[in-house]
Amino acid sequence: MTVPDEGLSSYPWEARAIKKRQRRNEAIPEEWRLRQNLLGSLRTPLERSKNNLMELNLVRQSGILTVKELQITESSDVTSLLEALASGQLTAEEVTVSFCKRAAVAHQLTNCLTEIFFDRALERARYLDRQKGKGQLVGPLHGLPISLKDSFQIAGVASTLGLTAYLDHSAESNSALVDILLALGAVLYCKTNVPQTMMTPDSHNFVFGRTLNPWNTSLSAGGSSGGEGALIAMRGAPIGVGTDIAGSIRVPALCCGTCGFRPTASRIPYSGQHGCADEGLAQILPCAGPLANDMKALSLFVKAVLQAKPASYDASALDVNWRDVQGQFGRKLRFGLLPEDSTYPLHPPVRRTVAEASRLLQASGHEVVELQSDECRISEALQVAFALFALDETADGIVKAAGEPPIPSRIRIDQEMGKAPQEFVSDLRNLSELKQLSGLNIKRQELISDWCRLWQKYEIDAVIGPGGRTTAIEHDEFTLPPYTVLMNVLDCPACIIPFGRVTASDAAERLDLQPGQVVPSYNPLDLEGIPCCVQVFTSKMTDEKCLYISEVVDKCLQAKESFVVARDADA
């Protein structure tokens, strides 16, 4: 398990941070702790050594979970799990124990958790079982364990956000979505790690340390919902909930090989979050959304929440119920193919994955239309987004006032922004902050209007493209997220769909950069076996459509993967 650098011991807050970590780790029952000889089989230090925890399967080797508990946690089908809970085939208590155990093991390997409240979860599960014994299901998520990003507030549970300034914070009330999930019958049992300020794609802070990628511990798990990405990948939760303002659900999903959905802002209730930003300055709204190991789980979660009348829990939530769209698509689909932006080129495995997905969709009878780079304006969207983010210095002020140094990934983002083009927003640089805000809102609306025309011009159902310039890469190197923040600027629902892995043949492909191009270093030998993905998005407020089309894409892509697995087995 990673902890903050020992060199930080001179900081006045470090002793309190150590105690916080100790309390967290002591919340894991003794009998659920990994044996030292098992941990000793890993290459160390973990964050600088290549350990594929997925292949090593230390969860099984640990002997902590029974055969039945392994079966419960390794089923990727959340629908079947809920059916078993509803029928009485499984009890809420045994499902909760199973996922608590697996989350405990996942945490000891990846450092993904911030708050652990298994005892509270088991009390909740027993209550749900008593209700089931009376013939009553509490809701459509009855007995389903759900993990939450650290920013969600649960009364009586801390929400530090990995900031030493918030070490003494304990929530007095629930976030709106927490109340909804409880009303739907869910079991809440843990919260997950985030970066310092929640504005970098590396989940690392000086309170809890760094979250590691289960596919390769020397690579990033993504952020800012990186704890969720790692936990879901290791099947420590059937569904987890993250938040997304620039890609914070989708980047961990693509790094850790899970599914992730960023909804239209305010469709899933967001109020009651513990944050470190000035809410009055928010122009690009953050949103909450699910991560899971199967696409249907994303739709199941969103449908359940939207049918719970979220506007009655959160005044800022849109009062729009779930809309069934399946009957609208008795035909093949028409996709736009998001082009590679000339400023932000793709690593070869990402380029190959998107091209292969496009080919498979066309082979299945769907139509794919290539969009033009100058129409999609990916670079301009990133410029607007980060200029808007820069107007809010609240988080940076909190960090500085506490005497914390910036984490390395924040420094790297600043360095890369210094190399990135700024011509679209450069005319606003010397204006007052109010004038900058006005000018940026105008430029953002220009981008939104251009995309509105683009949807109509090409008559497309959805756009498919990369989730990022890279797959998971070395810690602190993911930096800018041009291919996810575009959807935040446009406020479009977007879904990450896992597809394939980095292969040995990818190493033969060179990454030749042109002057002015900005992309992290490409080290293919370190990436072999890492998950790849594609991203699908649709126009604003078409969340149900995005989820449905993403399931169609997933089935198409997984059919190819199943063929490859079967062919390899026959060989």
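Residue numbers in this text run from 1 along the chain shown.
Cβ coordinates come from backbone N, Cα and C, glycine included.
As written in TrEMBL, here are the features:
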- LYS149: active site, charge relay system (ACT_SITE)
- SER224: active site, charge relay system (ACT_SITE)
- SER248: active site, acyl-ester intermediate (ACT_SITE)
- MET198, SER224, ILE245, ALA246, GLY247, SER248: substrate binding site (BINDING)
- 94-547: domain 'Amidase' (DOMAIN)
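Shown here: features listed in TrEMBL, placed on the structure.
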residue	record	Cβ within 10 Å
LYS149	active site, charge relay system	29
MET198	substrate binding site	27
SER224	active site, charge relay system	33
ILE245	substrate binding site	22
ALA246	substrate binding site	28
GLY247	substrate binding site	32
SER248	active site, acyl-ester intermediate	35
Could you state, as a whole number of Å, the largest distance between Cα atoms of any two of MET198, SER224, ILE245, ALA246, GLY247, SER248, the listed substrate binders?
11
Through the lens of DSSP with three states only, how would you label MET198 (substrate binding site)?
helix
For the recorded substrate site formed by MET198, SER224, ILE245, ALA246, GLY247, SER248, which further same-chain residues have Cβ atoms within 8 Å of the site's Cβ center?
MET199, PRO201, GLY223, SER225, THR243, ASP244, ILE249, VAL251, PRO286, PRO481
Just to be sure I understand: of MET198, ILE245, ALA246, GLY247, which binding-site residues have a C-alpha no more than 10 angstroms from the C-alpha of LYS149 (active site, charge relay system)?
none
According to DSSP, folded down to helix, strand and coil, what is ALA246 (substrate binding site)?
coil
Report, in whole Å, the straight Cα-to-Cα distance of MET198 (substrate binding site) from the residue listed as 'active site, acyl-ester intermediate'.
8
